[in-house]
Amino acid sequence: MNLIAVGVNHNTAPIELREKISLTDSMARSLLTELIDSKLASEALVLSTCNRTELYVVPAMPEVTANYLKDYLIAHKGVRKEVTRDHFFNYFACGAARHFYNVACAIDSLILGEVQIIGQVKTAYNRAVEMKTVGPILNKMCHTGFGLANRVRSKTKLTAGAVSVSYAAVELTQKIYSDVSTKNILLVGAGDTAKLAAKNLLDKRVRDFYITNRTYEKAELLAQELGTGKILPLEEMTERLHEFDIVVTAVGGNDHIIKKEHVAAAMQKRHRDPILILDLGLPRNVAPEVGQVNNVFLKDIDDLKMIIDSNLEKRRAEIPKVKHFIQKELIEYARWYFSLEVKPTIVDLQEKFFEIKALELARIKNKVSAEEYERMEQLSDRIIKKLLHFPITTLKQQTADTTDPVSFIRNIFDLKEQEEEFPGLTFPINLKEQNNN
């Protein structure tokens, strides 16, 4: 199989080097154009994300090797001093296809089972289609990968459970409150962690959502970005803490922004109605003693990490099932590819049989009636199709043992196993050598 994959990912290089070799959309398009226009490749695909830059190529010249492609990508980015061949992986033929399937199914991801990767793979494919740099080999590989990714999502639990702090916070919230949408929620903070937590909570159709932050303007900007949320001045937070069923904190600084006395006072106003406080800050935003107040559920990053670790372990348990799916599709892909190689032989074989048929029928054409000749022609066609059916099927599936001519012929014509004429009899002497003495 004439297919090469080279690239840099989180397994082969640190982030500072991955950044050097990464490609923007315009860079990827330029690289694809160069490879095809210079006749170096007949097909090419570029996948570049924050954790990987990978190049899949069907070479058009013998000199286009894995090392050639590594050097080409390094030169294209102008990073010879920083990045070397040692920072790359390389795969060939079915190994390249297997790696692509591992990527598409998210078992090669930094975060096992991430759902974003398949969208990134499809973007890479659509770009190559638009640039007309994919042909039958990469096209088949990509569509097989898309089908595998769908099957993995529907038939396994590889993508189940939270594996990020912000999503784990939501998962924990749902374990405590069956219907999060009816709860009043306060988000303390306006940074990246707070934003992710807010987005995940809003996905649960939360209606009453407040944002507070040390900088009022940042809280307003986050509310605008989210398209929802009421702003609560930070100085009013402790007085109104009792209004909220869920409080999520994610702010910087070394001081505890919520203390035991604040929560104790809030719980009296809530008449002991439970409150969940999720502290996503590092250092912690909430005093640890808050957890001592009755009916207060205080969870911090360590608690969420336990959920994440448990979910990751469950995901790892799904890997053998995913690999089984991949192996089955890889076999089918290899068979399909081999069928492309044998197609000219199959065409020649069919033409040869029909050529013999035509010659033999021509000899008797003037000796039989037109009706008889037509019936003989139809009969000959049916015989040829039946004679060739199994050989052609066998060739496409590459099941014949081509190292042994006798076994090969018996296999492609589906002949029954031969019984040994003289069972147990062997010839230890090489007859050819004996005749030369």
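Glycine is no exception: its Cβ is also placed from the backbone N, Cα and C atoms.
Listed features, source Swiss-Prot:
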- Thr49, Cys50, Asn51, Arg52, Ser109, Glu114, Val115, Gln116, Gln120: substrate binding site (BINDING)
- Cys50: active site, nucleophile (ACT_SITE)
- His99: site 'Important for activity' (SITE)
- Gly189, Ala190, Gly191, Asp192, Thr193, Ala194: NADP(+) binding site (BINDING)
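Applying an 8 A CB threshold to same-chain residues 6+ apart, the list for Asn51 (substrate binding site) reads Asn9, His10, Arg18, Ser109, Leu110.
DSSP classifies the residue listed as 'active site, nucleophile' as coil under the three-state reduction. Note: the NADP(+) site is recorded as Gly189, Ala190, Gly191, Asp192, Thr193, Ala194; in the same chain, Lys195, Leu196, Ala197, Leu222, Ala250, Val251 also have Cβ atoms within 8 Å of that site's Cβ centroid. Within the same chain, the residues at least 6 positions away from Gln120 (substrate binding site) whose Cβ sits under 8 Å from its Cβ are Leu47, Thr49, listed in sequence order. Straight-line distance linking the Cα atoms of Gly189 (NADP(+) binding site) and Cys50 (active site, nucleophile), rounded to a whole number, equals 26 Å. Packing around Gly189 (NADP(+) binding site) is summarised by its Cβ count: 26 other Cβ atoms lie within 10 angstroms of its Cβ, all protein chains included. When the Cα atoms are compared, Cys50 (active site, nucleophile) and Val115 (substrate binding site) turn out to be 14 Å apart. Taking each of the recorded positions Cys50, Val115, Ala190 in turn and counting other Cβ atoms within 10 Å of its Cβ gives the largest count for Ala190.
For the pair Ala190 (NADP(+) binding site) and Val115 (substrate binding site), the Cα-Cα distance reads 25 Å.
Long-range neighbours of Asp192 (NADP(+) binding site) (same chain, six or more residues apart, CB within less than 8 Å of its CB): none. In this structure the C-alpha atoms belonging to Gly191 (NADP(+) binding site) and Val115 (substrate binding site) are separated by 23 Å. Cα to Cα, Thr193 (NADP(+) binding site) and Val115 (substrate binding site) are separated by 19 Å. In this structure, the CA atom of Val115 (substrate binding site) is 17 Å away from the CA atom of His99 (site 'Important for activity').
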